[in-house]
Amino acid sequence: IEQSPTSVGDLHPHGPRPRANLPCFPQCAGEENWVDSRTIYVGHREPPPGADAYIPQRYPDNRIVSSKYTFWNFIPKNLFEQFRRIANFYFLIIFLVQLIIDTPTSPVTSGLPLFFVITVTAIKQGYEDWLRHKADNAMNQCSVHFIQHGKLVRKQSRKLRVGDIVMVKEDETFPCDLVFLSSSRGDGTCHVTTASLDGESSHKTHYAVQDTKGFHTEEDIDGLHATIECEQPQPDLYKFVGRINVYNDLNDPVVRPLGSENLLLRGATLKNTEKIFGVAIYTGMETKMALNYQSKSQKRSAVEKSMNVFLIVYLCILISKALINTVLKYVWQSEPFRDEPWYNQKTESERQRNLFLRAFTDFLAFMVLFNYIIPVSMYVTVEMQKFFGSYFITWDEEMFDEDTGEGPVVNTSDLNEELGQVEYVFTDKTGTLTENNMEFKECCIEGHVYVPHAVCNGQVLPDASGIDMIDSSPGVSGREREELFFRAICLCHTIQVKDDDEVDGPRKSPDSGKSCVYISSSPDEVALVEGVQRLGFTFLRLKNNYMEILNRDNAIERFELLEILSFDSVRRRMSVIVKSATDILFSHFIGEIYLFCKGADSSIFPQVIEGRVDQIRARVEHSA
């Protein structure tokens, strides 16, 4: 799809920009749905002469604010939120009625408990908001490395601006939303965890921009001349559309599309990558993490909501009682000798008062007289229980996690009682329940089942250190199919190998002779490759687009990786296309091309045209 030469300028948030007569660029996928866009100048460098006009734009700084109150608005805002509660508003009305009219009870009986509840709640919420301020200040003042004039400089996170080039090291959290420029890895990839964003503890692979992934030093990055055009901030964590224009000398810019795989989100953590460089595109409250903050209004638990329902019911009963008593009073006083008894003579002003006004005053007096039907002490008890209950949760030793050395943290005490009412836990994926700990249990090849540490007649077989076949031998032809299966497992994946024992991620390889560690966004892949490794086929590395495996004979086999068809929720399978670079693959020769595929049984079985499909299907159903 081609654009008119001025359409890119029309995307500018402040209207059309002046443009030189440059060739039009093709639109990126999804760009036609842009409502508005922004232009970021990488490193705050002006575009070269003859390109877009340089129009600096103002964006928010990188300050994060998760607190609800400030020193100046705490009292009015907190009072407004508290009197939105039905109970507090009801007792306030009763207190005002007692002040205005002549009632049989003192205003102190309603005013003092109400003042106590409001004060305790305000202190509790003020203290919790003060903790949020402390957490915000700690986050906003943490040090961040960024590139300035070819040198690495440190400054506070809150001072980051859109367009700054940032360097993030391993195990550090990204300070803002970054477009991934380059990494210490030669292939321009990095691994991140997004547990604080979407709860996913597995590693995800992100990719640097093709034309910048070779910039590994501060001087190289500082010499980058590029602009980024992307959509305005929106909260979807998995959606991002943009393009980067890289200017080389005075030639036309190289235009590359940008997607979610090029975006590193604030709150995610860099793993198993020494360092990365990225340019800030969304900062502060415009980051996707900040846009996904829930409303800062006061949260209400199920108990409080049910109490409000009961309160409305009792309020209706109270109004009915006051109304009935008011009617009965005037029915009683309809007789002349009952209107003014000797112990309660009316004054002249009372005799001349309007009948409807007197009736309304008497109605309010009965409301005050019977207001004990709604106990204010119950609300005092509930507030105190919430406040002190949060400390009991913090002190609970059984909720302490020894692996991380952290205990429970109560950010708000308004929802404590919700924890005791959890009846069902729904999960849409097995990783939530298995903690992403996968273990290779068995495999079935042409009807032959292989399990780790095979047992025969109740005894572990003598040489059962690997995976042993527990039925008949497959024969010579079957052995070739067996080894082809193991090669498929060794090659059909997206695993990265790191030669380091001190790695944060999946467990160390079980091969004691190797120090390599497998890293993948899917724990299933790691479990499969480690399981096949115990049988004698070891995936060594992916280097220069060649995959290397070590076979049973301790010979290295090389395969050129031609294409990866990634797993998705529609196909429910992934595939790789490889070309053999060695001639030891049984009777085949160099240059043979193979397509290996793996995935869900419901997706794979319909594609199979030969083999013992029924036996394998029965085994799958038995294992499931």
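Cβ from N, Cα, C; glycine included.
Features reported for this protein in TrEMBL:
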- ASP428: active site, 4-aspartylphosphate intermediate (ACT_SITE)
- ASP428, LYS429, THR430, GLU525, PHE567, LYS598: ATP binding site (BINDING)
- ASP428, THR430: Mg(2+) binding site (BINDING)
- 56-110: domain 'P-type ATPase N-terminal' (DOMAIN)
- 139-205: domain 'P-type ATPase A' (DOMAIN)
- 83-101: transmembrane segment (TRANSMEM)
- 309-332: transmembrane segment (TRANSMEM)
- 363-382: transmembrane segment (TRANSMEM)
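All features noted in TrEMBL, drawn onto the structure.
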residue: GLU525; record: ATP binding site; contacts (Cβ under 8 Å, 6+ apart): HIS493, THR494, ILE495, TYR518
residue: PHE567; record: ATP binding site; contacts (Cβ under 8 Å, 6+ apart): SER522, ARG573, MET574, GLY599
residue: LYS598; record: ATP binding site; contacts (Cβ under 8 Å, 6+ apart): ALA488, ILE489, CYS492, ARG573, MET574, SER575, ILE604
Over the span of the domain 'P-type ATPase N-terminal' (56-110), how high is the average pLDDT in this prediction?
85
With DSSP as the yardstick, break the domain 'P-type ATPase N-terminal' (56-110) down into helix, strand and coil residue counts.
27 helix, 0 strand, 28 coil
